[in-house]
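Take a look at the structure below.
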Amino acid sequence: VFPKVPFDVPKATVESYTRFIRVLRDELAGGVSPQGIRRLRNPAEIQPSQGFILIQLTGYVGSVTLIMDVRNAYLLGYLSHNVLYHFNDVSASSIASVFPDAQRRQLPFGGGYPSMRNYAPERDQIDHGIVELAYAVDRLYYSQNNNQIALGLVICAGMVAEASRFRYIEGLVRQSIVGPGDYRTFRPDALMYSIVTQWQTLSERIQGSFNGAFQPVQLGYASDPFYWDNVAQAITRLSLMLFVCSQPPRQSDSPLVIRSFVDRNDPVCPSGETTAFIVGRDGRCVDVKVEEFFDGNKVQMWPCKSSQNANQLWTLKRDGTIRCQGKCLTVRSPQLYAMIWDCTTFYAPATKWEVWDNGTIINPASGRVLTAPTGEAGVTLNLQFNEYAASQAWRVTNVTVPTVTTIVGYDDLCLETNGNGVWLANCVKGKAQQRWTLYADGTIRSQSTLSKCLACSGSCVKLAKIVNTDCAGSANSRWYFDNYGGIVNLRTGMVMDVKESNPSLNEIIAHPWHGNSNQQWFL
């Protein structure tokens, strides 16, 4: 009755593991949220015959079947030798329809990691990898020792259940697969550990986000924390969210942001108004000039300061206004500069804005978008026709420092540059030419040359070559990371593609989306 997803662990390749996780993810997903991230099905709509997924894993000496709850993608137990072993926080009646003829055995621990600590090592002390997963399956197949069972389940949870929920974890596993029969190990790092722990909180806050921003979620270890407070930070690493609620998608949502259908008629998420920085071109912040709040004062781009500087903190109100110290962001006419003014005395339509999920801020009355006409500090903002240019991209956030990361692509090779060219090469930890800085304006810049941006050579049309060139705030250098692993040019919808799936050509091109592995990227 229940869907079955098989995986032969000892024969794993990057392709077979990716296919396995994709099939599992597709079985779990109930649609795409308005934020562009897939989520699990609405529990209220799940029929009894749809409540579980059976994951059939083959190890070196035997096979077991993991039982997954489709409501939360958690493991409930496993079947081995016609005995169904289940966690002690899972009632036998709740899984009565799963293998009804099998014997039942309740394990002495629950499904959460805190409950397993008395039986298995701490997570950051447990090696993960394909060989370790195969041995984990064998432990579940033959062992009656609770410590061995707990260790096996921890590894299965990390490399199967959690990898289905997080592209970041899937990427860690992929990178551990060197080739057929050639596997490395890894241990959970701070990001893996914390996103798993904070998954429910992330799901709630993302689905309750307003204009892409949400209340910050602390990640990392307590001794070295970092924060996510914007959908753009999560969309590349989070594959599935718990179903919490939704808000109806606005007519202004970009079709390039959401590839699949968007759920509708779901409970509406409560979301509050957001006060944060608005970060844009070249990583600078929207700023009321010289911290003076008189009517008509100009709004400019300026290096981001601290949260103590009121002239860079903006409140995005539910009435469509964007306010700094109570004054509204506005323009006298589309041809003139952006400024602040008393919200109650200015022409109301000129004070109304829509903040699109793709980072565009549009004034509906004029049909034009907020633009930083140059990259210089102190440049006054204005309105221009929407070109989906990097000069027209914004992020509402309290994290003003750009993200620095590697970008891993086809064959688990790293994106690299050393001048104007862009290609894939073997990943080398710490290599500056493989470290990329992701700016709020949608540009992708090599850490070794921050004045250059990845861009299409000419327009981003099919087969256009991707090059590393001087940043100009143009549409051909504005990119969007989607939830499926694509790096999308917002203007044309083309994605970065390893030409002919052949890294030896040393060429990345723009191409229509087809979803094959040469268009899949991991951060």
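The backbone N, Cα and C atoms fix where each Cβ goes, and this holds for glycine too.
The active site feature in Swiss-Prot is assigned to Y74, Y113, E162, R165. Annotation comment: Swiss-Prot describes G111, G112, Y113 as AMP binding site. Swiss-Prot lists D287, V288, K289, V290, E291, Q300, K305, N311, N358, N398 with the feature carbohydrate binding site, giving similarity to another entry as the kind of evidence. What Swiss-Prot records for C285-C304, C328-C343, C414-C427, C453-C471 is disulfide bond. Here Swiss-Prot flags 270-397 as domain 'Ricin B-type lectin 1', drawing on sequence analysis. Among the features that Swiss-Prot reports, domain 'Ricin B-type lectin 2' is placed at 400-523. The N-linked glycosylation site annotation in Swiss-Prot covers N358, N398 and is backed by sequence analysis.
Here the features listed in Swiss-Prot are placed on the structure.
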| residue | record | DSSP (3 states) |
| --- | --- | --- |
| G111 | AMP binding site | coil |
| E162 | active site | helix |
| C285 | disulfide bond | strand |
| E291 | carbohydrate binding site | helix |
| C304 | disulfide bond | coil |
| C328 | disulfide bond | strand |
| C343 | disulfide bond | coil |
| N398 | N-linked glycosylation site | coil |
| C427 | disulfide bond | coil |
Among the recorded positions R165, K289, K305, which residue has the largest number of other Cβ atoms within 10 Å of its own Cβ?
R165
Using Cα-Cα distances with a 10 Å cut-off, which of the recorded positions Y74, Y113, C285, C304, K305, C414 are near E162 (active site)?
Y74
Within 10 A of the CB of E291 (carbohydrate binding site), the number of other CB atoms across every chain shown is 13
Proximal but sequence-remote residues of the same chain as C328 (disulfide bond) (Cβ under 8 Å, at least 6 apart)
T321, I322, I340, W341, D342, C343, F346, T351
Just to verify a number: CA distance, G111 (AMP binding site) to C453 (disulfide bond), in angstrom, no decimals.
45
Between R165 (active site) and D287 (carbohydrate binding site), what is the CA-CA distance rounded to a whole number of Å?
38
For the binding-site residues listed (G111, G112), most other Cβ atoms within 10 Å of the Cβ sits at G111
Lowest local Cβ density among C343, C453, which the record lists as disulfide-bonded residues, within 10 Å:
C343
Once the chains shown are all counted, how many other Cβ atoms turn up within 10 Å of the Cβ of D287 (carbohydrate binding site)?
25
Smallest number of other CB atoms within 10 Å: among the disulfide-bonded residues C285, C427, that is C427
Span of D287, V288, K289, V290, E291, Q300, K305, N311, N358, N398 around carbohydrate - largest C-alpha separation, Å
30
Return the member of G112, Y113, C414 nearest to Y74 (active site) in space, with distance defined Cα to Cα and candidates limited to these recorded positions.
G112
Starting from the AMP site formed by G111, G112, Y113, give every other residue of that chain whose CB sits within 8 Å of the mean position of their CB atoms, in sequence order.
F87, G110, P114, S115, M116, A157
